[in-house]
């Protein structure tokens, strides 16, 4: 009779109930000796303002327009948008069939489906300072960014509704999500940090793409959240999950009990140091339902995890971040609080960072992961422990205060 081994020692699959998918975990591979690259600390010497940056206050952008002398956050239309506003003259009616403009479909057209789509793309500059990342901001400064997220979420949601810029499929019930009313459309808030993630400008900023449809990732999650409610006495999947994680603590990185927000490495994480941030004390559907005190608590959590990220490999840590919530804000002021208990959406933030062993050794989704399913070696529990072990003092601040000065000198980039 064979003895059972702990999941931390043998290959196993973990289920992701949000996406209805699996990840293969191979913890035994972490015992392989690593003889690869180990990078010294990187101390960036960025100016507070540079005339060459199209995101800095007072500078011209790529389209020739000039930024105002903003003092906090600033939102503007992306000069190279991926989506365009609807044009009733040129946008063809949605038929569900793939046809050339003006042509009628045939029985085989369902293999070549296209559908016109539209929306807007905005850039959200976090701060007038060129050198101030979220990790280096104060919680109060990050709270201003959260308010800006809420403002643009409400503004873009209203634009989608007022302009009837919704997919002609009708309500979300028609695409498998119950309880979301008659709207189809989505305000997508995200950030790509670092050139490794495709960021075209070093000035800290995020993006907001408002779409006339609900994209695949949030739609898949919404379907799972709605389905879980139907089979679990109307309980929320993420409320239940977050509360269990807080009780276990194995994968919790930062816990802010005052605000009720937790940052954790998901049990089913794909990326080495993936993090999810979400409320665990009450069900919050979207940014409009977050109180000012909760926003400050969320800011504290964000600062702590982003500082730990940077400290992990003593480098500005690259990541893709995205907010998942109700696709559109509530119709009326205060409606979010009134209807939130029955709404399937649960506000949460995903962080997907690619770094694996050092500031230049990253994870690639190739081979088995591209052709079969997600795979990781480092367990979620091990990743959470490594992040917990990091200081809440940013490594650049330690250098400024005289700690680790010798290491910093070694890590300075060449002129």
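Using the three backbone atoms N, Cα and C, a Cβ is placed for every residue, glycine included.
Per TrEMBL, these features apply:
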- 205: active site, tele-UMP-histidine intermediate (ACT_SITE)
- 53, 56, 130, 203: Zn(2+) binding site (BINDING)
- 221, 324, 348, 350: Fe cation binding site (BINDING)
- 386-397: compositional bias 'Basic and acidic residues' (COMPBIAS)
- 9-215: domain 'Galactose-1-phosphate uridyl transferase N-terminal' (DOMAIN)
- 222-397: domain 'Galactose-1-phosphate uridyl transferase C-terminal' (DOMAIN)
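Structure with TrEMBL features highlighted.
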| residue | record | Cβ neighbours (10 Å) |
| --- | --- | --- |
| 53 | Zn(2+) binding site | 18 |
| 56 | Zn(2+) binding site | 22 |
| 130 | Zn(2+) binding site | 21 |
| 203 | Zn(2+) binding site | 23 |
| 205 | active site, tele-UMP-histidine intermediate | 20 |
| 221 | Fe cation binding site | 24 |
| 324 | Fe cation binding site | 25 |
| 348 | Fe cation binding site | 21 |
| 350 | Fe cation binding site | 21 |
Euclidean distance between Cα atoms of residue 130 (Zn(2+) binding site) and residue 221 (Fe cation binding site), Å: 35
Confidence summary for the domain 'Galactose-1-phosphate uridyl transferase C-terminal' (222-397), mean pLDDT rounded: 93
Three-state secondary structure, which DSSP defines for residue 203 (Zn(2+) binding site): coil
C-alpha spacing of residue 348 (Fe cation binding site) relative to residue 203 (Zn(2+) binding site), in angstrom: 25
The compositional bias 'Basic and acidic residues' (386-397): DSSP-derived helix, strand, coil residue counts: 6 helix, 0 strand, 6 coil
Euclidean distance between Cα atoms of residue 348 (Fe cation binding site) and the residue listed as 'active site, tele-UMP-histidine intermediate', Å: 19
Separation of alpha carbons, residue 324 (Fe cation binding site) and residue 53 (Zn(2+) binding site) (Å): 30
Rounded Cα-Cα span from residue 350 (Fe cation binding site) to residue 130 (Zn(2+) binding site), Å: 24
Mapped DSSP class for residue 221 (Fe cation binding site), helix or strand or coil: helix
Cα separation, residue 56 (Zn(2+) binding site) to residue 348 (Fe cation binding site) (Å, whole number): 29
Euclidean distance between Cα atoms of residue 324 (Fe cation binding site) and residue 56 (Zn(2+) binding site), Å: 28
Secondary structure at residue 324 (Fe cation binding site), reduced by DSSP to three states: strand
